[in-house]
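Here TrEMBL flags D32, A33, E34, Y35, D36, S81, L82, E118, R141, E178, K294, K318 as NAD(+) binding site. Look at TrEMBL and you will find K120 tagged as active site, N6-AMP-lysine intermediate. The Zn(2+) binding site annotation in TrEMBL covers C418, C421, C454. Annotation source TrEMBL lists domain 'BRCT' at 707-783.
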Amino acid sequence: MTDAAQRILQLRAELDQHNYRYHVLDEPSIPDAEYDRLFHELKALEAQNPQLVTPDSPTQRVGSLALSAFGEVKHEVPMLSLGNAFEDSDLEDFDRRVREGLDLPAGDLFGSVEYSCEPKLDGLAVSLLYENGLLVRGATRGDGSTGEDISVNVRTIRNVPLKLQGEGWPQVLEVRGEVFMSKAGFEALNARQLEQGGKVFANPRNAAAGSLRQLDSKITASRPLEFCCYGIGRVQGDLPETHIGILHALKGWGMPISRELKLAKGAQACLDYYRDIGQRRTSLAYEIDGVVFKVNSLAQQRELGFRAREPRWAIAHKFPALEELTELLAVEFQVGRTGAVTPVARLKPVKVAGVTVSNATLHNMDEVARLGLMVGDTVVIRRAGDVIPQVVQVVSERRPNWSPEEREQRSVKVPEHCPVCGSAVERTQLVKRSKGKESFVEGSIYRCVGRLACGAQLKQAIIHFVSRRAMDIEGLGEKSVEQLVDEGLVNSPADLYALTFEQIVGLEGFAELSTNNLLEAIEQSRKPTLARFIYALGIPDVGEETAKLLARALGSLARIRQALPEVLTYLPDVGLEVAHEIHSFFADEHNQGVIGQLLKHGIELQEEGDLHPEFAASTTLAGFITKLNIAFIAATGAERLAAKFGSVQGIIDADWLDVRQVERLSERAAKSLRDYFDDPANAQHALAIENQLREFGMHWQSERKQLEGLPLAGQTWVLTGSLEVMSRDVAKDKLEALGAKVAGSVSAKTSCVVAGPGAGSKLAKANDLGVKVLDEDAFLAVLAGYGVAL
Ligand code: IVH
């Protein structure tokens, strides 16, 4: 057998396998771009050796066989595919071929050809058949002539009309379009799958395919699928004579069509459209892999006809692929500010959508385990928008036959010692609470226990400490912090306050003036607000919002330092885990030393005060009893106990008869209560919390007061894009003053998004989720409505 013949067989086998995975299993193991390359290699070899072409070659058919579990549907009008353009010149060639086909002379003296322009959605093609205006069948494309009957599944897609609206629709109307999943829908689905231990999808296309082709249509119904119509198949009746005219008619009958549909005259206008959509690609709510141009006039389409399985009147102009293949060279571990030791993939550099990628995030060891990564693997890398590239999956077919020893050597292991300071690396524990008992389970994060003795953590901690939103020490960049640490001048944040002119002026990039400026900035930072100071400490899981909350609710550093985890859980959004992080941060001797030194060096906290009345009101005895999670005691039982006994001590002192006298408290609840408090550890723990709350200045008697309602209380706002009249920081302050929470990301719970010019993915997500969006003018009007001056 010749080399060419051998390679052809190999390519066919490989392509068949990928086809099956892609079309039948919905589990492709290589990116489309790689598939295309293999396909083109085969096509070229067959072109050079026409005697080797066989009817079963993947080049001779499109797609793959239908799953036997779904019924078969024959497409009376075949579902075709599209030719591809990658370069501008490919599109110009297409336009030239169209003009030649239509006998239009070169040059635009006789007018340009009109094209419809649409995004090429990255989902899967389906056919929807309407008879007398009713949806009677849905089918996948399959191999183009036979697809699968997915009627029950398409009926679950919310934007597929079950009945056409209005009138004038053809008696038989087959609508074609793409079923896809929006980026937000995909992320939400994956988050849900992760939580429930289900399958996580590599990208929105796979998620859409895997969701639509479910034998159980209840699963399909629970997935955020959408439909967008881009054409027609079999029709009995009248329709307009242009493609865009047809889409508009369909829209009138209730069919979703693309909002980006446009008419372009000539190739140049098509290229303008391509560039415009390309620029907005990342801010669209859904993924697209190109744009599609179609000759608008149906008369011209008929004149041009088809070539093999592609229309001569349409072409897909592709964007650079977001996924590529490369080799995993190594997995290294980085140490972050809080000591988290996280795996990072070092990759053989590969260009993904125009950017060279040589590192990718691996998140944590659970992710590494999920991927089943081994060093030397061929991996799929994905770059979506501006986010850090990700390793999506391992191409297991490309894994060489490693021996068990080699596999062991190539598997990814967490280092036992920190790569920076050599301290032990430990797995974090998560706190679980059930039936009133706390237990610990293993978390997915590993931490270096070296804290500020670890150079990496010290540098990151200081960079965070001096940052604008923390202590705001201007003039101390990352490079200077590294030098200060490396030269041993700074071993803790407190050392910043002991720096001298001589020490600083010796550093790279510091002259007399800049040194004095830095010393002045350090001096200026000595009086931070309590919230800034707490944030600057860099407690794991405590961002700016939580720091503000702690400061506002507890009012003093002393209270925050002492607060028991249970007391902290009275703060909104602080769960037991974060509460434990905060508590153990302040319980740590080393951290206590650093805080002590900072105070000794003259840090003077501002805005310290009393316990916030809202916080005091939230800590009712009934609420506290409910929090203890005692079996059979829910909110109403807890209220009755609180009313009768008035304190934890009161409950502990009560005897069995007293408890039985509590109105409508069942015997088993009373028994469970006694059992709980008869355990001395439980009793002591509950008393400690009660005592602490009392020390903090609150009384159980203070039942939840109706708070003076701030107008935006309970609402979450998001600011995005640039604001012109006021800065985002100012806007945030104003919103917070009205009681709103200001968040960094949009979710279904977001009340309102304020979007200025340049808003991107957050705006797209808001639109996608149907969240209210205001521009700056409308926002200012809202503020004015509440009497807020600018
Ligand atoms: S037109 C004869 N328009 O791309 C025309 N296809 O490579 C057939 N697609 O199977 C398709 N968006 O799944 C057309 N606006 C669009 C499209 C589109 C996505 C997909 C479709 C088709 C594939 C063709």
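Each Cβ is built from the backbone N, Cα and C atoms, and glycine gets one as well.
Known features from TrEMBL, placed on the structure.
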residue: D32; record: NAD(+) binding site; contacts (Cβ under 8 Å, 6+ apart): D289, A321, E323
residue: E34; record: NAD(+) binding site; contacts (Cβ under 8 Å, 6+ apart): E324, L325
residue: D36; record: NAD(+) binding site; contacts (Cβ under 8 Å, 6+ apart): none
residue: L82; record: NAD(+) binding site; contacts (Cβ under 8 Å, 6+ apart): V292, E310, P311, A314, I315, A316
residue: K120; record: active site, N6-AMP-lysine intermediate; contacts (Cβ under 8 Å, 6+ apart): I288, D289, G290, V291, V292, A316, K318
residue: K294; record: NAD(+) binding site; contacts (Cβ under 8 Å, 6+ apart): Y115, S116, E118, G231, H243, Q301, P311, W313, A314
residue: C418; record: Zn(2+) binding site; contacts (Cβ under 8 Å, 6+ apart): V335, V341, A424, V425, C448, G450, C454, A456
residue: C421; record: Zn(2+) binding site; contacts (Cβ under 8 Å, 6+ apart): C448, G450, A453, C454, G455, A456, Q457
Hey, does DSSP put C418 (Zn(2+) binding site) in a helix, a strand, or just coil? coil
Binding-site residues: R141, C454 - member with fewest neighbouring CB atoms within 10 Å: C454
For the domain 'BRCT' (707-783), what are the DSSP-based totals of helix, strand and coil residues? 27 helix, 15 strand, 35 coil
Please go through the recorded positions L82, K120, C421, C454 one by one and keep those whose C-beta falls under 6 A from any atom of ligand 1; give the result in sequence order. L82, K120
Give me the largest Cα to Cα distance among D32, A33, E34, Y35, D36, S81, L82, E118, R141, E178, K294, K318, the residues the record lists as binding NAD(+), in Å as a whole number. 26
